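Q: Here's a structure for you.
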């Protein structure tokens, strides 16, 4: 039986909002991630699962990227990456990003479970850990947190 989750993204003092869905058809199988985010500037925006499902002080309460394996930041296809590193979403000229990702590192159960954690869309492009400085190995230089939401169990 498939496991499903959903995240409603809301702007942290920004007009950014969206709905992102997650589905994992088998326990150790890939997770499909899809949905739409609006209110963005045109171009790439970092897209990560952060450690905590805490938005009490806005998106900053979510903590760092979800990284249970204590690795350096990377891209979604890299061996060396945080579990929560989902790369970038691309917004069109109207500020809308259509999201369609399949990821085999995140999970909806077990040690890499993202349910109850916060999904964040960032101000800038994620350099995927290749920016040549220390911040790149932690955050991908993706900048401030534009919008976030806690990932919850869905029907």
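Positions of Cβ are set from backbone N, Cα and C atoms, glycine also.
According to Swiss-Prot, the record shows the following:
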{"type": "MOD_RES", "residues": "2", "note": "N-acetylalanine"}
{"type": "MOD_RES", "residues": "4", "note": "N6-succinyllysine"}
{"type": "LIPID", "residues": "7", "note": "S-palmitoyl cysteine"}
{"type": "MOD_RES", "residues": "10", "note": "N6-succinyllysine"}
{"type": "DISULFID", "residues": "59-148", "note": "disulfide bond"}
{"type": "BINDING", "residues": "65, 73, 82, 85", "note": "Zn(2+) binding site"}
{"type": "MOD_RES", "residues": "93", "note": "N6-succinyllysine"}
{"type": "MOD_RES", "residues": "100", "note": "phosphoserine"}
{"type": "MOD_RES", "residues": "104", "note": "phosphoserine"}
{"type": "MOD_RES", "residues": "107", "note": "phosphoserine"}
{"type": "MOD_RES", "residues": "109", "note": "phosphoserine"}
{"type": "MOD_RES", "residues": "124", "note": "N6-succinyllysine"}
{"type": "MOD_RES", "residues": "124", "note": "N6-acetyllysine"}
{"type": "MOD_RES", "residues": "138", "note": "N6-succinyllysine"}
{"type": "MOD_RES", "residues": "138", "note": "N6-acetyllysine"}
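Give me the lay of the land around each of these features.
A: Residues near residue 2 (N-acetylalanine) in space but far in sequence (CB under 8 A, at least 6 apart, same chain), listed by position: 23, 24, 25.
The Cβ of residue 4 (N6-succinyllysine) lies under 8 Å from the Cβ of 21, 22, 23, 24, 108, 153, 154, 155, each on the same chain and at least six residues away in sequence. Look at residue 4 (N6-succinyllysine): DSSP puts it in a strand.
Taking a C-beta cut-off of under 8 Å and a sequence gap of six or more, residue 7 (S-palmitoyl cysteine) has these contacts in its own chain: 19, 20, 22, 35, 119, 149, 150, 151, 152.
The secondary structure of residue 10 (N6-succinyllysine), as reduced to three states from DSSP, is extended strand. Counting Cβ atoms from all protein chains shown, residue 10 (N6-succinyllysine) has 15 others lying within 10 Å of its own Cβ.
Within 10 Å of the C-beta atom of residue 148 (disulfide bond) sit 26 other C-beta atoms, taking all shown protein chains into account.
Annotation for residue 82 (Zn(2+) binding site): same-chain Cβ neighbours under 8 Å, separated by at least 6 residues, are 48, 65, 66, 67, 69, 71, 72, 73, 74.
On its own chain, residue 93 (N6-succinyllysine) has 42 as residues at least 6 apart in sequence with a Cβ closer than 8 Å to its own Cβ.
For residue 100 (phosphoserine), the same-chain residues that are 6 or more apart in sequence and have a Cβ closer than 8 Å to its Cβ are 33, 34. DSSP gives residue 100 (phosphoserine) a strand state.
Sequence-distant neighbours of residue 107 (phosphoserine) (same chain, 6+ apart, CB under 8 A from its CB) are 24, 28, 31, 113, 114.
Annotation for residue 109 (phosphoserine): same-chain Cβ neighbours under 8 Å, separated by at least 6 residues, are 3, 24, 27, 115.
The secondary structure of residue 124 (N6-succinyllysine), as reduced to three states from DSSP, is coil rather than helix or strand. For residue 124 (N6-succinyllysine), the Cβ neighbour count at a 10 Å cut-off comes to 18, with all displayed protein chains included.
Residue 138 (N6-succinyllysine) falls within a helix when secondary structure is assigned with DSSP. In sequence order, 64, 65, 72, 73 are the residues of the chain that are 6 or more apart from residue 138 (N6-succinyllysine) and have a CB within less than 8 Å of its CB.
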Q: Relative to the mean position of the Cβ atoms of 65, 73, 82, 85, the recorded Zn(2+) site, which additional same-chain residues have Cβ within 8 Å?
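A: Other same-chain residues near the Zn(2+) site: 48, 66, 67, 71, 72, 74, 81, 83, 84, 129, 138, 139, 140.
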Q: What does the structure give for the C-alpha distance between residue 85 (Zn(2+) binding site) and residue 104 (phosphoserine)? Integer Å is fine.
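A: With distance taken Cα to Cα, residue 104 (phosphoserine) is 11 Å from residue 85 (Zn(2+) binding site).
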Q: Quick check for the class: what is the C-alpha distance, in angstrom and rounded, between residue 10 (N6-succinyllysine) and residue 104 (phosphoserine)?
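A: Residue 10 (N6-succinyllysine) and residue 104 (phosphoserine) have their Cα atoms 26 Å apart.
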Q: Taking the Cβ of each of the binding-site residues and counting other Cβ atoms inside 10 Å, which one has the highest number: 65, 73?
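A: It comes out as 73.
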Q: Residue 124 (N6-succinyllysine) to residue 104 (phosphoserine): how many Å between their Cα atoms?
A: 24
Q: Long-range neighbours only, meaning 6 or more apart in sequence with Cβ under 8 Å: which ones does residue 104 (phosphoserine) have?
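A: Listed in sequence order, they are 29, 30, 31.
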